[in-house]
Number of protein chains: 2
Amino acid sequence: MTKAVGVGLLGFGTVGSGVVEIIQRHQNELQHKVGCPVEVKKILVRDVNKQRKVEVNRSILTEVASDVIYDPEVDIIVEVMGGIEDTKLQLIEALNQKKHVVTANKDLMALHGAELLKVAAENQCDLFYEASVAGGIPILKGLSDGLSADRITKMMGIVNGTTNYILTKMTQEGSSYEEVLSQAQELGFAESDPTADVEGLDAARKMAILATLGFSVKVQLDDVSVRGISSVSDADLHYSHQLGYTMKLIGLAQRDEDRIEVSVQPTLLPHHHPLSSVHNEYNAVYVYGEAVGETMFYGPGAGSLPTATAAMSDLVQVIRNMRLGVNGKTVQEPLHERVLKEDKEIESQYFIRLKVVDRAGTFSTITSLFAEYEVSFEKLLQLPIEGEEAAEVIIITHKTNKENYQLLINRLNELAVVHSLESSYRVEGGQ
Amino acid sequence: MTKAVGVGLLGFGTVGSGVVEIIQRHQNELQHKVGCPVEVKKILVRDVNKQRKVEVNRSILTEVASDVIYDPEVDIIVEVMGGIEDTKLQLIEALNQKKHVVTANKDLMALHGAELLKVAAENQCDLFYEASVAGGIPILKGLSDGLSADRITKMMGIVNGTTNYILTKMTQEGSSYEEVLSQAQELGFAESDPTADVEGLDAARKMAILATLGFSVKVQLDDVSVRGISSVSDADLHYSHQLGYTMKLIGLAQRDEDRIEVSVQPTLLPHHHPLSSVHNEYNAVYVYGEAVGETMFYGPGAGSLPTATAAMSDLVQVIRNMRLGVNGKTVQEPLHERVLKEDKEIESQYFIRLKVVDRAGTFSTITSLFAEYEVSFEKLLQLPIEGEEAAEVIIITHKTNKENYQLLINRLNELAVVHSLESSYRVEGGQ
């Protein structure tokens, strides 16, 4: 029997337990795939005395990270504890000790991925991070292997399960954001402090990772323009639906020639768009490649076993590489410097909802302003507001650039016939 | 500059042209990915004088296969010409000449995949076939890499674009099978002889390949039970829809413990199932893994550039392996012998449509027969047939095994109160 490969875990929470469970439960299949036994040798935990769901020999638990990092029997470190700066230092030390690293840490990879990959390459070590984006969906392998020969020009992702759950429920039940959020918190689909999810930061981190890999450019977290879902109203969802659109929190990464745009924002998609059928806590990444056309990867975005599966697929890859003697050779430095698009280069359609004075001439005032900025209408809906001398106007524009759109929006707000600009959203997947 | 890798093509039709086009158009990105130039050295064609869309130097065209196979400058053969027995002999000779092989040939892989993989392994050559299943969808890499650590228990695939196009149009337009088929033929979505597509044989070949890889068992084409869509009526689609189901031609591969079932048949799925939203000529493969849960891979199932992209991703993998010196080492012999389930072990729900005599007692006769075979109803719809002394009865059963279902169906046909058994289909994705 070939010598066992030793695995050390940093963290033993939901994902860590999943990894250990899969290694135990699928040991036979694993051995068949990699040609040698795989053994968990050391696990960093907060409290060695805590009761745990997954059974492991007490002697392999430790509360000291260096016990894992310097353990000579540990060949591969699986980092599933989270954290940024301290974790980064520990992983750099692990790589310098010639340990391969598998991480599920999106925060770390979004902020320090480039640096860590460099250290890995210097040490001829693998550093894989499939589990950091979209849980159980093998999207990073899809981009780097499956679509490797294509030129990816657009990615749209539903990469945050909490917000997709909230928007799905709001749409299906007609409930308000606040109601659904508190339900989601009770059911465990939203954190008690949901800020990172609902304000789009979590999705932004994942999009920075996806754009870097998919476009082979260095995308920083600051490059991602972010808007969350906390201001989305049930009325917005209602009118979107009526006009043939589904609202999703969409992470968008797009490139034209070598200029890119990365954003996260509530976005309207036509009902027939593949992403519109992605419900509840599920994630999906829609990829447009010049040659392949439209593809989509769908699956669970979080959860113990799905995320653990992604980490395990990385682990299998590391072990295969070890047995072939080719670790650290597939790390690729991004090919292009990133050049961000300016607002006037960012083209899209928009949904605009206005509350206007309900009297003759209102409409012509509004339309002449749109004409001034060369923004034309694709769809239009006007409804009286009961009991008020006002009407609601909902517009889906044709494509326009973001600069014109911003100027238009500012001017709309100043018009005397406009009571208020209720909301506006980007529209994708049309035309 | 590192020495160029030489590619030889067997075939220069739609897919072959796509491969050459991608190699020409994305040469820069390709070089970045594999670290050396990639050059097309020789192409086998039927007629060297034919006009072609993609421009190549006339001198690399040949009408003799051995010119490609024995060309010392050719390192990798890309087989995109189709054919079975002759093609097999040529590829075996190529492998014996230490040429790596990339093929898009599902017929060949479904029938002789095991033998070819063995010859490849003996010669330390790679043999990849991503393009043989579901065109542009990287499903084989998803199974062998992305979900490598998981235990796959179920795969459901819409793996034939022609039949999905026909069923989509029949559902959307309420047209008959014959009408839509002839439209599809005019538009080029169906062949002039559509038998292999509409009778499910094409899908069966792909499911044999998927099941072999996903379950690591040796599945033969004969193991796949096959039923096509030519007998599907617009009434079936209408009633399915009314009861909350979408009809798709589903390739199903399922295992319980080590017993498997592989089939291709028109199947009803609940509207909310991810596969129900896969329209027109698109393909998708839904995969259920014990750890990951539900995932789905969606994309174009055919077409020049999508299929070429899949072949290209294999080509990139071969070249990376060449540069690492690890070709032929990732070929895996299936782990398990295949044991097929018996009918009594195959459990599912069914849709049954009957034309019955419209008089008192009919219903109780039918229900007592169902009770005899322990088949219970989940949904029921009864409608009078205008101008006849008859009624239409549509039943969705709860889960039952295939043996009982077959016995029940035979007995139903014999009942005096049943004019005819109009149709019956498997139902998946419920309960």
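From the backbone N, Cα and C atoms, a Cβ is placed for every residue, glycine too.
Per TrEMBL, the features are:
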ACT_SITE  B:K206  active site, proton donor
BINDING   B:L10, B:G11, B:F12, B:G13, B:T14, B:V15, B:G16, B:S17  NADP(+) binding site
BINDING   B:K106  NADPH binding site
BINDING   B:E191  L-homoserine binding site
DOMAIN    B:351-426  domain 'ACT'
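What TrEMBL annotates, mapped onto the structure for a quick look.
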residue: B:L10; record: NADP(+) binding site; contacts (Cβ under 8 Å, 6+ apart): B:L44, B:A65, B:V68, B:I77, B:V78, B:E79, B:V80, B:M81, B:T87, B:Q90
residue: B:G11; record: NADP(+) binding site; contacts (Cβ under 8 Å, 6+ apart): B:L44, B:V45, B:E79, B:V80, B:M81, B:G82
residue: B:F12; record: NADP(+) binding site; contacts (Cβ under 8 Å, 6+ apart): B:V20, B:I43, B:L44, B:V45, B:R52, B:L61, B:V80
residue: B:G13; record: NADP(+) binding site; contacts (Cβ under 8 Å, 6+ apart): B:V80, B:M81
residue: B:T14; record: NADP(+) binding site; contacts (Cβ under 8 Å, 6+ apart): B:G303, B:S304, B:T307
residue: B:V15; record: NADP(+) binding site; contacts (Cβ under 8 Å, 6+ apart): B:V80, B:A104, B:A131, B:S304, B:T307, B:A308, B:A311
residue: B:G16; record: NADP(+) binding site; contacts (Cβ under 8 Å, 6+ apart): B:L9, B:I43, B:V78, B:V80, B:M81, B:A308
residue: B:S17; record: NADP(+) binding site; contacts (Cβ under 8 Å, 6+ apart): B:R52, B:K53, B:V54, B:S304, B:A308
residue: B:E191; record: L-homoserine binding site; contacts (Cβ under 8 Å, 6+ apart): B:T162, B:Q185, B:D197
residue: B:K206; record: active site, proton donor; contacts (Cβ under 8 Å, 6+ apart): B:K106, B:A110, B:S132, B:V133, B:A134, B:G157, B:V159, B:N160, B:G251
Helix-strand-coil residue split for the domain 'ACT' (B:351-426), DSSP-based: 24 helix, 35 strand, 17 coil
All-chain count of other Cβ atoms within 10 Å of B:K106 (NADPH binding site): 23
PLDDT averaged over every residue in the domain 'ACT' (B:351-426): 93
DSSP-derived class (H/G/I helix, E/B strand, else coil) of B:L10 (NADP(+) binding site): strand
Any further residue of that chain within 8 Å (Cβ to the Cβ centroid of B:L10, B:G11, B:F12, B:G13, B:T14, B:V15, B:G16, B:S17) of the recorded NADP(+) site: B:L9, B:G18, B:V19, B:V80, B:M81
